[in-house]
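Below is one structure, written out as structure tokens, with a few remarks after it.
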Amino acid sequence: MAAWLGRVSLGDAWYNMYSRLLRTKPVGSMAHSSDDLTELAEGSAVGLAKVLTTVDLVSLGVGSCVGTGMYVVAGLVAKAMAGPGVILSFIIAAVASILSGVCYAEFGVRVPKTTGSAYTYSYVTVGEFVAFFIGWNLILEYLIGTAAGASALSNMFDSLANHSISDFMITHLGTVRGLGKGEDTYLDVLALVIALVVTAVIALGVRNTVGFNNVLNVVNLVVWVFMIIAGLFFISSSNWEGGKFLPYGWSGVMQGAATCFYAFIGFDIIATTGEEAKNPNTSIPYAITVSLVTCLTAYVSVSVILTLMVPYNLIDGSAPLMEMFAVHGFMWGKYTVAVGSIAGLTVSLLGSLFPMPRVIYAMARDGLLFRFLSHVTALTHTPTVACVVSGSLAAVLALLVSLRDLIEMMSIGTLLAYTLVSVCVLLLRYQPDEQTDTHQFDSEVQDMDSLKHEDAKDDQILTENDGSSSYHTGRTEGEGDDSDFHTGHASLLKRLLGGHYYTLRLRLGMPDVSVRPTPATGRIVTRCTLSLFFMSFLLWSTIIFGVEQGTGAGAVISGLMATMMAGSLGKLLIMIIQQPESTRSLPYMAPCVPFVPAAAILVNSYLMLKLSPLTWARFTIWCLIGLLIYICYGVWHSTLELNAREQQAHASSYQRYDDHLDDTFSPGDDLYPQEQDERPYQGWSAPEERGYHYQQGNQHEIQYGDQESGEQEQSQYEDHGDQSPAAFEDLPV
């Protein structure tokens, strides 16, 4: 008996903690509180004005990416990691960024009434712990991005002064060992001052404007064109000959790609401007694509000129684009590039420091971080405490840590945050439609009506071209288009394969379009997705450390293990596409789900494992600090936790004072308990979705509810045709 009671108490404790970790923030509360910080500078509670065009969004994305990436990362990676192969590193990093970008865009439009980061979206759709972990890594991204921007500006001024600033620091303050990879690092006081000055400017309420950003981008564009044209007069093909193009091999190229991912960080600022864009449905995905392509063009062209002008081992690590003209004696070119460096690095610095207080403010307001960080000064209408604390930490990092280590640290945090975003998109696309819909019902009905008409027309053309498709005859008339492989009204794969598309669906065991997701299928996708996430790290670890670095029999065994794990990943993807997908319409949906999110997970995890072990050690310490804060403070002081305690207190008061009252039945009351009808699907955090029946009622009520849901489910399948739930009975639940 005592052992049974111990198991019950342990189960209750596990259920309580599980519910706390995966509780979601109500969408209704987001509509009130999401815009208050955005509008604090104007002192207005009115919603955001839809003033941003597609060109403005592209300018924001390019400005936040190009600065440090073009003027610092290209030379740093070419010198120490990839040589002229930095060109390939940028291309690989761009592919990873595009895969993550389309997932980020869908994640943003799932909560259209908010303007915020991935932290906001994940808190509403996924759960509290995942939201905290994403927000904590976003803080790391912005924190190190600010420090890297200040350090890059310091290096630029030092290069303009012929390194007299760094010599002065080394002579009078000495060097520090151990913060980098064993090399000496001088105390960069100038970077400290730059970070503190920018922090003070932002804390005083001076806001970044689109016009100011556009002007700096024009200056940057002019300087970029100048570098390309002027550099053509100093290039030498001998710098690429004799095996000099890939001096560090493909391993160096991939390590450089992991670091070059830093250069594409910034497209998330586009995905967070949905409410300010005039036409977010088309502007956001278009702006993300154009900005990434523009940045890639700038990086590749600059890398070509740089590595053809200067041998890779002679590239200056702190200000490479300025020094490449100084090496050839063209000093006016150096000073012209300096003007573009000031413009580009200033935009990057501001782009990193502006959103950081917003994320900290949001997390502190929700109680996941210390509440005093959410204090807003009445004079400046900005979260001054969050600005000062975060800016001071960034200044200390800029003082002590080298620029190379800062860039690697920023890459790993952002790679993990974007990987989790891809995981969340894959999870949410296969959850039941009863989940809270954040879009208006009328617009969704209109979208589905147009979807049905175009799908019927498309299917008619396909069946005329290939009448052998027997699968199509089983479709329910008027059903929406298949969304397993497409974004929009017509499936790309369907158009490519024609009538063979339905044969492929039969071979893969994909469900009929009339089938809707259920809690059981949602749990299957959840388990498969989490397994895919962890197995991707295990696969790449086996390949990198077993196959690439192994020899003899060990490398062969590692190769066989990697092959088996790759087959398991393919099986997981097949299990996912065999589950029914949600028919819920969104303004923007990532294409080719589940393949694009899965590809993003695989590419990002590989790039993360190519970073240095010291970077992983620092990142682990950062994650442990965040986990400690959440366990000791956030989970107990969360706004959702406080509200739950308050509701529990009210419920106990009502039970104590009103238990003698007998509510009479009225004709307007429902025959069955109202909370069952009003309670929406709670996702994988709900007890009934986990198969764990919390002890709140008697066994008869549970059995009656199960019987009723079974009858409803059976009638649903009878209405929709020959597709029965028997296909899912053998799957693990």
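Glycine is no exception: its Cβ is also placed from the backbone N, Cα and C atoms.
TrEMBL: automatically predicted annotations, no manual curation.
What TrEMBL lists as compositional bias 'Polar residues' is 462-473.
Taken from TrEMBL, the feature compositional bias 'Basic and acidic residues' applies to 474-484.
Under the heading compositional bias 'Low complexity', TrEMBL lists 704-715.
Annotation comment: TrEMBL describes 588-638 as domain 'Cationic amino acid transporter C-terminal'. As a summary of secondary structure, the domain 'Cationic amino acid transporter C-terminal' (588-638) carries 40 helix, 0 strand, 11 coil according to DSSP.
Residues annotated as region 'Disordered' in TrEMBL: 456-484 (among others).
Residues or ranges marked as region 'Disordered' in TrEMBL: 665-733 (among others).
Annotation source TrEMBL lists transmembrane segment at 57-78 (among others). If you look at the transmembrane segment (57-78), the same-chain residues 6 or more away from its ends with a CB under 8 A from one of its CBs are 84, 86, 89-90, 145, 148-149, 152, 155-156, 210, 213-214, 216-217, 220, 224, 256, 259-260, 262-267, 269-270, 273, 277, 283-284, 287-288, 290-292, 294-295, 298-299, 302-303, 306-307, 312, 315-321, 337, 340-341, 343-349, 351-352, 403-404, 407.
According to TrEMBL, the transmembrane segment annotation covers 84-107 (among others).
Beyond its flanks by at least six residues, the transmembrane segment (186-206) meets 41, 146-147, 150-151, 153-154, 157-158, 165-166, 169-170, 173-176, 349-350, 353-354, 357, 379-382, 384, 387-388, 390-392, 394-396, 398-400 of its own chain at Cβ-Cβ distances under 8 Å. The annotation transmembrane segment is assigned in TrEMBL to 186-206 (among others).
Taken from TrEMBL, the feature transmembrane segment applies to 218-236 (among others).
Look at TrEMBL and you will find 283-312 (among others) tagged as transmembrane segment.
Among the features that TrEMBL reports, transmembrane segment is placed at 332-355 (among others). Proximity of distant same-chain residues to the transmembrane segment (332-355), defined by a Cβ-Cβ separation under 8 Å and at least 6 residues beyond the stretch ends, is recorded for 63-71, 117, 141-142, 145-146, 148-150, 152-153, 156, 159-160, 194, 198-199, 202, 208, 213, 216-217, 219-220, 222-224, 226-227, 230, 266, 269, 272, 319, 321-323, 325-326, 390-391, 394.
Marked as transmembrane segment by TrEMBL: 376-403 (among others).
Sequence annotations record features per position, and here TrEMBL assigns transmembrane segment to 409-428 (among others). Long-range contacts of the transmembrane segment (409-428) within the same chain: residues 99-100, 103-104, 106-107, 110, 118, 121-122, 125-126, 130, 133-134, 137-138, 140-141, 144-145, 148, 258-259, 261-262, 265, 401, 435, 525-526, 529-530, 533, 576, 582, 590, 593-594, 597-598, 600-601, 604-605, 607-608, 611, 615-616, 618-619, 622, 684, each at least 6 residues beyond the stretch ends and with a Cβ under 8 Å from a Cβ of the stretch.
Annotation source TrEMBL lists transmembrane segment at 524-547 (among others). Long-range contacts of the transmembrane segment (524-547) within its own chain (CB-CB distance under 8 A, at least 6 residues past either end) are made by residues 419, 423, 426-427, 430-431, 554-555, 557-559, 561-562, 565-566, 568-569, 572-573, 575-576, 579, 598, 601-602, 605-606, 608-610, 684, 728, 731-733.
Taken from TrEMBL, the feature transmembrane segment applies to 553-574 (among others). If you look at the transmembrane segment (553-574), the same-chain residues 6 or more away from its ends with a CB under 8 A from one of its CBs are 508-509, 528, 531-532, 535-536, 538-539, 542-543, 545-547, 594-595, 598, 602.
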Maximum Cβ pairs under 8 Å to the transmembrane segment (283-312) - stretch from the list 84-107, 218-236, 376-403, 586-607: 84-107
For the transmembrane segment (376-403), sequence-distant contacts whose Cβ falls under 8 Å of one of its Cβ atoms, 6 or more beyond its ends: 37, 40-43, 72, 76, 139, 142-144, 146-148, 150-152, 154-155, 176, 179-180, 183, 185, 187-189, 191-192, 194-196, 198-200, 202-205, 318, 353, 356-358, 360-361, 364, 409
Other than its close neighbours in sequence, what residues sit by the transmembrane segment (84-107), given a CB gap under 8 Å and a spacing of at least six beyond its ends? 74, 77-78, 118, 121-122, 125, 239-240, 244-248, 252-254, 256-261, 263-264, 267-268, 270-271, 284-285, 288-289, 292, 295-296, 299-300, 303-304, 307-308, 312, 418-419, 421-422, 424-425, 586, 588-591, 596-597, 599-600, 603-604, 607
Within the domain 'Cationic amino acid transporter C-terminal' (588-638) only, compute the mean pLDDT. 90
